[in-house]
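Undergrad: Sharing a structure here in structure tokens format.
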Amino acid sequence: MKIYKLQTPVNTILENIAADKSISHRFAIFSLLTQGENKARNYLLAQDTLNTLEIIKNLGAKIEQKDSCVKIIPPKEILSPNCILDCGNSGTAMRLMIGFLAGISGFFVLSGDKFLNNRPMRRISKPLTQIGARIYGRNEANLAPLCIEGQNLKAFNYKSEISSAQVKTAMILSAFRADNICTFSEISLSRNHSENMLKAMKAPMRVSNDGLNLEISPLKKPLKAQNIIIPNDPSSAFYFALAAIILPKSQIILKNILLNPTRIEAYKILQKMGAKLEMTITQNDFETIGEIRVESSKLNGIEVKDNIAWLIDEAPALAIAFALAKGKSNLVNAKELRVKESDRIAVMVENLKLCGVEAKEFDDGFEIEGGCELKSSKIKSYGDHRIAMSFAILGLLCGIEIDDSDCIKTSFPNFIEILSNLGARIDY
């Protein structure tokens, strides 16, 4: 895919940003804990979340879908499927399903694409094995394909060494099948969509005021079925917020965006860098929702070292902002970027250099010199949707060719359509 430099300003309202991926995954998986119909409007119709629907269908759920409206009726009993459960590119789907299936009678095989099957799963499989789960896979159950033989699980008191919503949610799901009350704690607050959704579903779970400590009781009855409207994804919206900032004389208003405090840290970083960016809350339901107004802005360099778990998905796009800021910027304490869909630290630095930007990597982050003269280049996405979308936005300024753009469909199927509607010329 080749993106040409955009010659005209952008002034628009975007209401069709992709639905939130985290909430879509959880809606589908948590529906298996209920009885009766679960309904979601604005479900994300991307490869990752469609794979999750296929997984729960193979476990016995009945699914009706009309456009982005999805209805799920869970089975009375989870089936042991006669096929591999394909998670595609989604680490969220695989890690949550490991936790869900560990305590269910049956034999299950989880696999994914070549990228997912090389991402670390021991952070889930190890604590589950310690409470009685039987999980088998390469490198001591660190790499998929993973085979899970459901077992009776023992209660646990687990302190996570990493701040990860995927680890947290997997342990919550396993706790629902344990033989007694379980506790979970983490070093810093990760995304809390699971807690918010499970609270609305009347799950037997208590959360401390700071959100760091959970007490989960085994399920004695099905949870309350869901009927929700899924807001738009702030991580997906971030690319177009960035576009408004870097394009001269431009303004974009992003509508119906999830404004959960654990999801808007990257926007706050842009504000600290000098961006003209306002967030307005319009609705408070099980999640906070609102709109984001962004205008062309001059950015200043910044050091980012806190709340990294809250901006891990936006880090590649933030690196683009760093490259266009005045002065030096760096991001540290972000070693988790090494084990995402690609090694995002190495890949961002490599590709920015190809575009004429001075950049260097650390073990846990990168440093970028802003204000370098940009040059048109061909970059590699390494199959990482967020790398591809980040450089697509940079391409609006200097022109860029991206070697693998199909990966964008895993999370944001209408990204290219929106980019084209802004006036971008795109060749395939």
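All residue numbers here begin at 1 and follow the chain in the order shown.
Cβ coordinates come from backbone N, Cα and C, glycine included.
In case it helps, Swiss-Prot gives these features for our protein:
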BINDING   K21, S22, R26, S164, Q166, D313, K340  3-phosphoshikimate binding site
BINDING   K21, G91, R119, Q166, R344, R386  phosphoenolpyruvate binding site
ACT_SITE  D313  active site, proton acceptor
Undergrad: So how far apart do the 3-phosphoshikimate binders K21, S22, R26, S164, Q166, D313, K340 get, largest Cα to Cα in Å?
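TA: It comes out at 19 Å between the most distant Cα atoms.
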Undergrad: Going by DSSP, is Q166 (3-phosphoshikimate binding site) part of a helix, a strand, or coil?
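TA: Assignment for Q166 (3-phosphoshikimate binding site) reads helix.
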Undergrad: Do any residues at least six apart in sequence from G91 (phosphoenolpyruvate binding site), in the same chain, have a Cβ closer than 8 Å to its Cβ, and if so which, in order?
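TA: Those within reach of G91 (phosphoenolpyruvate binding site), by Cβ under 8 Å and sequence separation of 6 or more, are L116, R119, Q166, K340, E341.
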Undergrad: Quick one: pull the CA-CA distance for D313 (3-phosphoshikimate binding site) versus R386 (phosphoenolpyruvate binding site), whole Å only.
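TA: Distance between the two Cα atoms comes out at 7 Å.
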Undergrad: For the C-alpha pair, I'd like the distance in angstrom between R26 (3-phosphoshikimate binding site) and R344 (phosphoenolpyruvate binding site), rounded off.
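TA: Here the two Cα atoms lie 25 Å apart.
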